[in-house]
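Peer 1: Just dropping this structure here.
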Amino acid sequence: MDMKHSRLFSPLQIGSLTLSNRVGMAPMSMDYEAADGTVPKRLADVFVRRAEGGTGYVMIDAVTIDSKYPYMGNTTALDRDELVPQFKEFADRVKEAGSTLVPQIIHPGPESVCGYRHIAPLGPSANTNANCHVSRSISIDEIHDIIKQFGQAARRAEEAGCGAISLHCAHAYMLPGSFLSPLRNKRMDEYGGSLDNRARFVIEMIEEARRNVSPDFPIFLRISGDERMVGGNSLEDMLYLAPKFEAAGVSMLEVSGGTQYEGLEHIIPCQNKSRGVNVYEASEIKKVVGIPVYAVGKINDIRYAAEIVERGLVDGVAMGRPLLADPDLCKKAVEGQFDEITPCASCGGSCISRSEAAPECHCHINPRLGREYEFPDVPAEKSKKVLVIGAGPGGMMAAVTAAERGHDVTVWEADDKIGGQLNLAVVAPGKQEMTQWMVHLNYRAKKAGVKFEFNKEATAEDVKALAPEAVIVATGAKPLVPPIKGTQDYPVLTAHDFLRGKFVIPKGRVCVLGGGAVACETAETALENARPNSYTRGYDASIGDIDVTLVEMLPQLLTGVCAPNREPLIRKLKSKGVHINVNTKIMEVTDHEVKVQRQDGTQEWLEGFDYVLFGLGSRNYDPLSETLKEFVPEVHVIGDAVRARQASYAMWEGFEKAYSL
C-alpha cells in the first residue's frame with residue numbers, strides 16, 4: 001500500500017484546524033503529571049516526540065476544570081488563567097514539531113481522588129468509585145457552575161494556542177459520561193431519566209464551550225458508540241444523540257466503546273479483543289452526521305487504519321498504545337518502512353498496569369518512553385566486542401541496542417530459536433500478537449549485523465576463548481518447584497513444559513498449582529486443546545473432555561496482570577467450569593492428589609487428578625556471571641537472570657546496559 005498517497009495521510013480540515021493527516025494520538029494516562037496542575041517537561045516531551053514523528057494531532061488526557069477534584073492524584077489543569085502561559089509553551093513546542101495539541105477537558109466527577117482529602121467526589125447520583133469513595137449527587141446550581149467552568153477551560157485552551165479541545169462523555173465515566181449513562185445516572189429531575197434528559201448536561205457543556213471559543217474553533221467529543229452493557233447506552237441511542245451533539249457545536253466525534261467498571265476490556269482492548277473493536281459503531285454514526293468521525297480502540301496496525309479510512313468507514317483514527325511503542329510510526333508508514341515500525345502487541349503490561357516498581361506509564365518494547373531525549377541515536381564512543389548470553393526479550397533488546405550503537409555483537413542461545421520464555425507466553429489463546437516483538441527485534445538484529453549461535457550452552461571456557469570486552473548475561477529463569485512435601489517422591493510436571501509442548505493433555509482431571517499468568521494461561525490452554533467429546537466421569541460436558549482446578553495462595557487470580565486482560569480471563573475460566581481455589585495453601589502433593597490448607601486453617605485432600613502441574617512461576621537462572629567477572633572487564637546481568645519478572649524489565653535493563661557500553 002502506498003501510504004504517501006493514501007487517504008489516511010491526506011489533510012483534513014476541521015473548523016479552523018488543518019490536520020496534516022488523519023492519525024491522532026489518543027488520550028492516555030501517563031502518571032507524569034505535576035501537583036500544581038502544570039505540564040512537566042517530561043510529560044510534554046512525550047507529545048512533542050510524537051509530533052516530531054508525524055502524528056496529525058496529539059491529545060493530552062484529563063486536563064481538569066477544577067483542581068479541587070483531581071483525576072489521578074496529580075492532574076494537569078486549565079482551571080485558572082495563570083496556567084495559560086505555560087500551557088502555551090507546551091502547545092508551541094508541539095506546533096513547532098509539526099503537529100497540534102488537543103487537551104482533553106474533563107471534570108472527573110465520581111472518578112476524582114478527592115475522597116483521600118475528605119472531599120466527596122461529585123456525580124449525578126451516589127456511585128462508588130474504584131477507590132471505594134461514594135460520590136455526592138450534585139445540585140442544579142452546582143451543575144450550572146460546572147458547565148461554566150467547562151466554558152472557561154475551553155477559552156483558556158484556545159488562548160494557549162491549542163488547535164482544538166476534546167470533551168469526554170464516554171464509558172459511563174467522569175462527570176459528563178456519568179450523566180449520560182443510565183448505569184450511573186439515577187436522577188429524577190431534568191438531568192436524569194430519559195435519554196434526552198441524561199444528555200442535557202453534555203449538550204449544555206458543549207454549548208457553553210462553543211460560546212467561549214471562536215465560532216470555527218474545533219471541539220472534539222469522545223463518546224461510547226455502544227456501552228455494551230445491559231441497561232447501558234446502545235448504538236441506537238448514540239445514533240439519536242450524535243446529530244444533537246453536532247447541532248450543539250461539536251466539530252468531530254471520536255468513537256470509543258464500553259464502560260469503565262463493567263467492561264474495561266472494551267475501552268482498552270487488549271489481547272482478548274480483535275482489532276478495530278469500535279469501527280462498526282463509528283461507521284454507523286458517520287452516516288447520521290456531517291462532521292468527521294474518528295474510531296479508536298485497538299487500531300494497532302497502520303495498514304489496517306489506512307484500509308478503514310480508504311473504505312470510507314471513518315474519517316480518521318486515534319491511536320494510543322502504538323504511538324507509545326513507536327513515536328515515529330507515521331513517518332515510517334509514509335516512507336513505506338513497515339518493518340522498521342516497533343509493533344504494539346496490545347499487551348497492556350506496562351502502559352496500563354502499574355506497580356510499586358513501575359508506578360508510571362511505560363512500554364514493554366520501547367524503553368525510551370518517558371525519557372524521550374535521554375538516549376540519542378548516536379554511536380558509542382568506542383566499539384567493543386560484546387557477547388550476549390541468551391536470546392530472550394532482554395537479550396535480544398541488548399543485542400540490538402549494542403549493535404545499533406556500533407558494537408561487534410555475538411549472541412549465544414542454548415535453545416534453537418530466539419524468544420526465551422516469551423515463546424511460552426504466546427501459546428495461550430489471544431497472546432500471539434506478542435510474537436511481533438521477536439520478529440521486529442530479529443529484523444533489527446540482522447540489519448545491525450548481530451551474529452547468532454544457537455544450541456550453544458555458554459561455558460566460562462568458551463567465553464574466555466572468545467575474549468569479549470563486555471558480556472550481558474540474559475540467561476533467564478527456570479520453573480519454580482518449591483520444596484513442598486511429595487515433590488521428591490513423584491515426577492513433577494510443570495506448566496512450562498506443558499506450554500513448551502513436551503507433553504499433551506488430551507483429556508482428564510487437571511490440577512494447576514498457582515494462580516498467576518502462567519498457571520491461568522495453562523488452564524486456559526488445556527481447555528482450548530481438550531478434545532470436544534463428552535468425558536463421563538462426572539465433569540462438565542460443556543467443556544469437553546477436561547476438568548480443571550486452580551489452587552492459589554493469594555486472595556485473587558492474576559495479581560499484577562492489567563485489568564483488561566485479567567477480568568476477561570477470569571470470567572472465561574469461570575464460564576468453562578474451572579474450580580478456583582484462592583486463599584489456599586499447598587501443603588503436600590502426589591501425582592494424583594493435592595493436600596491444601598484453607599484460609600480458616602482447615603486442611604483437605606483434593607483427589608482424583610490425572611495431572612498435577614506446577615505453575616508457581618520461575619526463579620532466576622544465572623550460573624555464570626560471578627565466574628565471568630574474574631576475567632571479563634564488563635559483566636552485566638539483566639532480566640529474569642536477576643529476578644523473575646515480566647518481560648518489560650528484561651527489555652528495559654537490556655536496553656540500558658547495552659546503551660551504557
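Cβ coordinates come from backbone N, Cα and C, glycine included.
What Swiss-Prot records for TYR173 is active site, proton donor, and it gives similarity to another entry as the kind of evidence. Look at Swiss-Prot and you will find GLN104, ARG222, LYS298, GLY320, ARG321 tagged as FMN binding site, backed by similarity to another entry. The feature substrate binding site is assigned by Swiss-Prot to HIS168, CYS169, ALA170, HIS171. What Swiss-Prot lists as [4Fe-4S] cluster binding site is CYS344, CYS347, CYS351, CYS363. Swiss-Prot lists GLY394, GLU413, GLN421, LYS431, ALA458 with the feature FAD binding site.
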Peer 1: Which has the fewest other CB atoms in a 10 Å radius around its CB: GLY320, GLY394, the listed binding-site residues?
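Peer 2: It is GLY320 that, of the binding-site residues GLY320, GLY394, has the fewest other Cβ atoms within 10 Å.
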Peer 1: Hey, what's the widest CA-to-CA gap across GLN104, ARG222, LYS298, GLY320, ARG321, the FMN contacts in the record, in Å?
Peer 2: 20
Peer 1: About how far apart, in whole Å, are the alpha carbons (Cα) of ARG321 (FMN binding site) and ALA458 (FAD binding site)?
Peer 2: 37
Peer 1: Could you state the whole-number distance in Å separating the C-alpha atoms of ARG222 (FMN binding site) and ALA170 (substrate binding site)?
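Peer 2: One finds 6 Å between the Cα atoms of these residues.
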Peer 1: Name the secondary structure element type, per DSSP in three states, that contains GLN104 (FMN binding site).
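Peer 2: DSSP assigns GLN104 (FMN binding site) to strand.
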Peer 1: At the level of the C-alpha atoms, what whole-angstrom distance separates CYS169 (substrate binding site) and LYS298 (FMN binding site)?
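Peer 2: Just about 20 Å between their Cα atoms.
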Peer 1: Do me a favour and check the Cα-Cα span between CYS351 ([4Fe-4S] cluster binding site) and ALA170 (substrate binding site); whole Å is fine.
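Peer 2: For CYS351 ([4Fe-4S] cluster binding site) versus ALA170 (substrate binding site), the Cα atoms are 20 Å apart.
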Peer 1: Using a 10 Å radius around its CB, how many other CB atoms surround ALA458 (FAD binding site)?
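Peer 2: Around ALA458 (FAD binding site), other Cβ atoms within 10 Å: 22.
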Peer 1: Could you check which of the binding-site residues GLN104, CYS347, CYS363, GLU413, ALA458 is the closest Cα neighbour of TYR173 (active site, proton donor)?
Peer 2: GLN104
Peer 1: According to DSSP, collapsed to three classes, what secondary structure does GLY394 (FAD binding site) have?
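Peer 2: Going by the DSSP assignment, GLY394 (FAD binding site) falls within a helical segment, counted as helix.
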Peer 1: If you count Cβ atoms within 10 Å of the Cβ of GLU413 (FAD binding site), leaving out that atom itself, what do you get?
Peer 2: 25
Peer 1: Run through CYS344, CYS363, ALA458 for me and report the binding-site residues whose CA is within 10 Å of the CA of HIS171 (substrate binding site), in sequence order.
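Peer 2: Those near HIS171 (substrate binding site) - Cα within 10 Å - do not exist; the answer is none.
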